[in-house]
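K.L.:
Per TrEMBL, the features are:
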- 5-208: domain 'Phosphoribosyltransferase' (DOMAIN)
- Arg79, Arg104, Asp131, Pro132, Met133, Leu134, Ala135, Thr136, Gly137, Gly138, Thr139, Asp200: 5-phospho-alpha-D-ribose 1-diphosphate binding site (BINDING)
- Ile194, Gly199, Asp200, Ala201: uracil binding site (BINDING)
Amino acid sequence: MPLHVIKHPLVQHKLGLMREADISTKSFRELTNELGNLLTYEATSDFELEPNTITSWSGDAIEVQKLKGKKVTVVPILRAGIGMLDGVLDLIPSAKVSVVGLYRDEETLEPVPYFQKLVKDIDQRIALVIDPMLATGGTMVATIDMLKQKGCEQIRVLVLVAAPEGVDKVLEAHPDVHIYAAALDSHLNEHGYIVPGLGDAGDKIFGTR
Ligand SMILES: O=P(O)(O)OC[C@H]1O[C@H](OP(=O)(O)OP(=O)(O)O)[C@H](O)[C@@H]1O
Ligand SMILES: O=c1cc[nH]c(=O)[nH]1
Ligand SMILES: [Mg+2]
């Protein structure tokens, strides 16, 4: 099943802290990054290794393991995805960053693209798409469409909270994509917000509430 809900106690604890109504911008921002980090750890757990011979401290040649093959591009979806970026790059510091900007129209809930700056060799890289919220799924499907149009073939999605509606929409349009989430919540309300959810993640990360 391409949906991975991460049950690790640290993930569940940190997400619980984020659900407090009166959380500060500072705490919400810190926790978003920390969860970005932990989700990256999980989403890369099947990355392939290859043996590498090095000279150790004693002068002996020893075999160690190193990551094999594909490189990574991290794809934050503006704005809220930026909140997870440092946490991801802490674990994969050599990753290139491909930024996309989409906002969700408040009336229609349709995604409106407004920015795209992808790395040139995206067809050679595994993309880790980051956004705290997967609600209707419109934004994520549009982002994956953009990446695939540029030849990107291996795409993983990292979100803090997913709604069932969004998961279904992404996996229907892109069944090859794996989704890593800290929580699969109950449903969307009449305004397209996830319940129980986190509220507007972008506003909470940037303090624009
Ligand atoms: O699954 P969907 O129904 O498409 O909704 C999810 C999108 O909505 C939010 O962004 P928003 O439009 O609030 O933009 P922002 O990040 O600039 O706040 C969120 O960060 C996702 O990108
Ligand atoms: O619950 C939601 C839905 C969309 N965007 C958010 O920031 N939160
Ligand atoms: Mg927002």
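A Cβ is built for glycine as well, from the same backbone N, Cα and C atoms used for every other residue.
Please treat TrEMBL annotations as automatic predictions, because they have not gone through curation.
For each feature listed, report its degree of burial, its nearest neighbours and the pertinent distances within the displayed model.
P.N.:
Other Cβ atoms within 10 Å of the Cβ of Thr139 (5-phospho-alpha-D-ribose 1-diphosphate binding site) number 27 in total over all chains.
In the three-state DSSP scheme, Gly199 (uracil binding site) falls into the coil class.
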K.L.:
Mind running the binding-site residues Asp131, Ala135, Gly137, Thr139, Ile194, Asp200 against ligand 3 and keeping the ones whose CB falls under 6 Å of it?
P.N.:
Asp200
K.L.:
I need the CA-to-CA distance for Gly199 (uracil binding site) versus Asp131 (5-phospho-alpha-D-ribose 1-diphosphate binding site), whole Å please.
P.N.:
14
K.L.:
May I ask which residues of the same chain, at least 6 positions away in sequence, place their Cβ under 8 angstroms from the Cβ of Arg79 (5-phospho-alpha-D-ribose 1-diphosphate binding site)?
P.N.:
Gly101, Tyr103, Gly202, Ile205, Phe206
K.L.:
Other than Ile194, Gly199, Asp200, Ala201, which residues of the chain come within 8 Å of the uracil site, judged by Cβ distance to the Cβ centroid of those residues?
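P.N.:
The surrounding set, listed in chain order, is Pro132, Met133, Val161, Tyr193, Gly197, Leu198, Gly202, Asp203, Lys204.
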